[in-house]
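For 1-13, the entry in TrEMBL reads compositional bias 'Polar residues'. Among the features that TrEMBL reports, compositional bias 'Pro residues' is placed at 21-31. The feature domain 'Amino acid transporter transmembrane' is assigned by TrEMBL to 58-457. For 1-36, the entry in TrEMBL reads region 'Disordered'. For 88-110, 152-177, 197-218, 223-244, 256-280, 292-314, 334-356, 377-397, 403-426, 438-457, the entry in TrEMBL reads transmembrane segment.
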Amino acid sequence: MEMNSNHINQTETQQDVQDPSPKPPPQPPPEENNTKFVLHSEKDPYDFISQRCTAKPTNTIESTGHLIKGCLGGGILGIHEAYMKCGLWSSLFITIVFGFYITYCIHILVKSAQTLYKRLHLPEMSYPDVAEASLEVGPFPRLRKYSKFFRYAVDATICIDLFGACCVYQIIIAKTIQQLVESKDDVAWEDIDRLRLYVLALLLPILLLCMITTLKYLAPFTLLADVFIIACVIATVVYSLRVAPKISEVPAWKDALGFFEFCGIVVFSMEGVGVSLPIENNMRDPKKFPKVLCAGMSVVVSFLIIVGFFGYWGFGENSISPVTLNFPSAIFPTVLKCLMAIMIFITFALNFWAPFNLVWFYLSKKHDPKRHWLWERVYRAVFIVAITSIAIAFPNIGNLMGLLGAFCLSNMGFIFPALIELLVIWDVPGLGRYKWRLWKNVFVIIVGILLFVAGTYSNLKGLIANI
């Protein structure tokens, strides 16, 4: 991820993407910068907004659209399976709770970043920048030597999460192709061994696709993907209501194991912490980010509730992921399945772009710059093979999403933002009366740790059981 000089890199990325409303990548590729963060006096005011030189700043509506697109992805196609694991009404309630919880954690991360902008006299920062700076200029001198480690922890978590999401997308595409090719009408038709063959068959097409290194050829497809997601939400309601039983017959609660599996999936499906700072960095008026956050997360949570609630209510205990595979074999749902598979296939390269560029930043230092063109493509091929291998080994969408949500996003979305805020506010404005700011963040961290441990265990157990 980038330090202050990375503004140049961000601007170049924005200029490359000609689509008027591209999906902002979770982080731009980093730039080499060994400059230490310098803490300035509070008496020396700094207006970070006026210091920004964003080529095409976004207004509030555009930023809200970016946030919605950044949060909604393949996760929405599997949220109904999460409801099936936990129970209908308990899942609905917990989805709303996590919606508020995740929104709050994103808010404290961005608020902490804006405080650091003023203290360090920097116009913008990435998530890893904020993590490193919070520890490097924080109130605990003995911990400052670990600031780079904190940065690398954020980098690694982002990469694992986004590469894992690529595995999920590859399985979604393979399952859709399998149903269409084998013309199965029964939702309980799944054959794991044949599914693995379809995943393997996607290796070459995805490998060729991911050799595209320029976003401008891929970004316009995100707009079409958004249209298909909305169509998928509407279709889920329509087709589920046709076969839905009495709502009183649907379990409201199941068990604790299913609860933690659900938590991982729902966090994976709505977490937007990775795109929050790039969106804020590109806003014309960053002070309006709280409005963008509330509006965007309201839409995200609403869509997830609709697909999860109606998907489980209508398709029941035998429902499978992605939700489109539960639709009937009529002309329109079949076309929708095909188009969704195509869009996910194309946007796979977009999701691969951000984490690979981060990894390539570190790997490229080991090779002669004259041979970077060759080595970049070699490493791209290696990572695609690795992603495909994981998808073949664990072709379970629900548990894979749950594992990513519990293992990665409990840290990136809950624990890290709370730690960062504590480091930023420890001295100024302080912990408050009865140290309420300390206890508030300790609570957030404890919830994150609980989700990390229990969610990782339950979903990993589910993955291993399906090998």
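Quick reminder: no glycine exception, Cβ is built from N, Cα and C everywhere.
Those TrEMBL annotations? Automatic predictions, nothing curated.
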Go through 223-244, 256-280, 334-356, 403-426 and flag the stretch with the largest number of C-beta pairs under 8 Å relative to the transmembrane segment (377-397). 334-356
Should anything in the same chain at least six residues away from the transmembrane segment (256-280) have a Cβ under 8 Å from its Cβ atoms, list it; otherwise answer none. 10, 24-28, 58, 63, 66-67, 70-71, 75-76, 78-79, 81-83, 85-87, 90-91, 94-95, 98-99, 102, 105-106, 109-110, 113-114, 124-127, 130, 158, 161-162, 165, 286, 289, 292-293, 296-297, 300-301, 304, 308, 398-399, 401-406, 409-410, 412-413, 417, 451, 454-459, 461-462
Spell out yes or no: are there three or more C-beta pairs under 8 angstroms between the transmembrane segment (88-110) and the transmembrane segment (223-244), with each pair 6 or more apart in sequence? no
Contacting positions for the transmembrane segment (292-314) when only residues 6+ beyond its ends and CB under 8 Å are counted: 60, 63-65, 67-68, 71-72, 75-77, 79-84, 88, 91-92, 95-96, 99, 102-103, 106-107, 110, 229, 232-233, 236-237, 239-245, 247, 250, 266, 269-270, 272, 276, 279, 283, 323, 326
Would you say the transmembrane segment (334-356) and the transmembrane segment (223-244) are touching, if the rule is that at least three C-beta pairs must lie under 8 angstroms and be 6 or more residues apart? yes
